[in-house]
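Feature annotations, courtesy of Swiss-Prot:
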{"type": "BINDING", "residues": "ASP51, ASP88", "note": "divalent metal cation 1 binding site"}
{"type": "BINDING", "residues": "ASP88, ASN125, HIS244", "note": "divalent metal cation 2 binding site"}
{"type": "REGION", "residues": "47-250", "note": "region 'Catalytic'"}
Amino acid sequence: MSEAREVFLRARGRSFTSFNKDAESQWKGPFYFIQGADPQFGLMKSWEIGDCDYGGDEWEQEIRLTEEAVKAINKLSPKPKFFVLCGDLVHSMPGIEWKEEQEKDLKNVLQKTHQEIPLVFVSGNHDIGNAPTPETIQAYCDSWGDDYFSFWVGGVFFLVLNSQLFFDASKCPELKDNHDRWLAAQLAIAEERKCKHAIVFQHIPLFLQKADEDNDYFNIEKSLRQEILQMFLKAGIKAVFSGHYHRNAGAKYNDLDMVVTSAIGCQLGKDAHGLRVVVVTEDKIVHKYYSLNELNTNGLDQELVDLLKTK
């Protein structure tokens with residue numbers, strides 16, 4: 001059990017143990033990773049019956065879909081550098097009776113991911129609560145590893161943030177202060193190192209369609225959003241990958257690509273259950289959303305494969 005448990009606890013000490021910083025801080029050539037979001041075990045039943053608070057007592061559909069996702073990822077060649085899940089791992093909020101069982105079933109599926117593909121976890125509102133507390137954040141960390149951390153892969157700097165602290169930190173102000181100080185220090189590293197690319201993962205999008213859009217449940221509050229965007233631009237962040245919306249969305253803001261990826265689980269729009277493939281080359285970041293069926297059947301597009309061969 002300890003070996004299986006370790007798969008889910010690689011984010012610790014604000015870093016990620018699968019990648020050695022010294023070995024990974026230099027550019028080595030193009031690579032790719034897989035981004036998924038919102039497997040959210042239990043939401044499909046909840047949504048179907050119109051009880052999103054307490055209706056999530058069944059999650060067979062989400063188990064099957066996540067199994068499809070893992071199967072598709074395991075087939076890919078060459079293998080992705082990692083598989084990141086951008087939050088809402090399960091639907092039950094902290095304190096809801098099915099949470100522990102949902103997490104157990106999700107882990108049973110995810111541990112079938114090929115051992116050479118590390119799993120990176122991002123906390124979402126259903127993982128730590130809409131207004132998280134020190135206790136809900138600690139429970140998440142005990143189960144999935146640190147709620148925020150950074151790591152290097154092939155000369156690219158990755159930041160995993162706890163976006164719920166941007167949304168409502170009223171019950172954990174000290175933890176928000178710690179997160180803010182850490183983020184400022186990481187952005188200073190990104191700016192100083194002038195790394196090949198710097199990329200952020202968080203659950204809640206900064207915005208869905210345009211940077212000055214109105215406040216919404218699915219984005220970050222406008223004045224804070226503008227502050228974060230300016231910080232990210234100054235540090236040279238090239239892309240922010242998120243979930244939360246259960247639909248594909250996003251847009252460019254100056255040089256920053258805000259990417260909103262639809263769900264592995266319940267769809268709230270017209271997208272198919274799917275995953276995003278992200279190719280990182282020396283001069284650009286290229287991404288495409290695939291349905292689970294499409295990725296399982298056909299694998300990567302030749303266009304993306306060709307990008308991986310560029311020098």
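Glycine too: its Cβ is placed from the backbone N, Cα and C atoms.
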Express the predicted model's confidence over the region 'Catalytic' (47-250) as a mean pLDDT, rounded to an integer.
97
In whole Å, note down how far the CA of ASP88 (divalent metal cation 1 binding site) lies from the CA of HIS244 (divalent metal cation 2 binding site).
7
Listed binding-site residues (ASP51, ASP88), ranked by Cβ neighbours within 10 Å, top entry:
ASP88
Counting only residues 6+ apart in the same chain, whose Cβ is under 8 Å from the Cβ of ASN125 (divalent metal cation 2 binding site)?
GLY87, ASP88, GLN164, PHE167, HIS203, ILE204, HIS244
Using the CB centroid of ASP88, ASN125, HIS244 as the divalent metal cation 2 site centre, which other residues of the same chain sit with their CB within 8 A?
ASP38, GLN40, GLY87, GLY124, HIS126, ASP127, HIS203, ILE204, GLY243
So if I draw a 10 Å sphere around the Cβ of HIS244 (divalent metal cation 2 binding site), how many other Cβ atoms end up inside it?
27
Three states by DSSP: which one describes ASN125 (divalent metal cation 2 binding site)?
helix
